[in-house]
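S.K.: Here's a structure for you.
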């Protein structure tokens, strides 16, 4: 119990040291510039596509998608020397892939009944508790409920 406080203190100290060495992004007020938005557009699209493709495969997760996307962005970048030093393109590609995996893991769950990661396994148990058995016949037997869930997920992502 007492060691936990010391561990948190050391972690905070280490994080502050890392922040001193981090690359500078944006202008003086900390906002992202228009040029950085332009540089991030292509890596975000690419990361989203890679993350969705990786998320469809059961057993793979956000870390694999982030690495694939980061390496692809580095290989396709006009400024590969900035990667590893806080490149806006690398961060944008990795984070968009990380976020895209979450929605894509629902595809094998709902169509095959195979959870892609831990969060989706919890959703599988919630579906089964409510009498819905994920798999091939889910959309034919309980189509109205599934389409309501899909519409809800779309609305949540938009708003």
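Placement of Cβ uses the backbone N, Cα and C atoms for every residue, glycine included.
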S.K.: With TrEMBL as the source, identify the stretch among 6-24, 25-43, 44-62 annotated transmembrane segment.
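M.R.: Going through 6-24, 25-43, 44-62 one by one, TrEMBL flags 44-62 as transmembrane segment.
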S.K.: Would you mind listing the long-range same-chain contacts of the transmembrane segment (106-129), meaning Cβ under 8 Å and 6+ residues beyond its ends?
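M.R.: Sequence-remote neighbours of the transmembrane segment (106-129) are 55-62, 135-136, 138-139, 146, 153.
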S.K.: Which residue counts does DSSP give the domain 'EF-hand' (27-47) for helix, strand and coil?
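M.R.: Result for the domain 'EF-hand' (27-47), in helix, strand, coil order: 14 helix, 0 strand, 7 coil.
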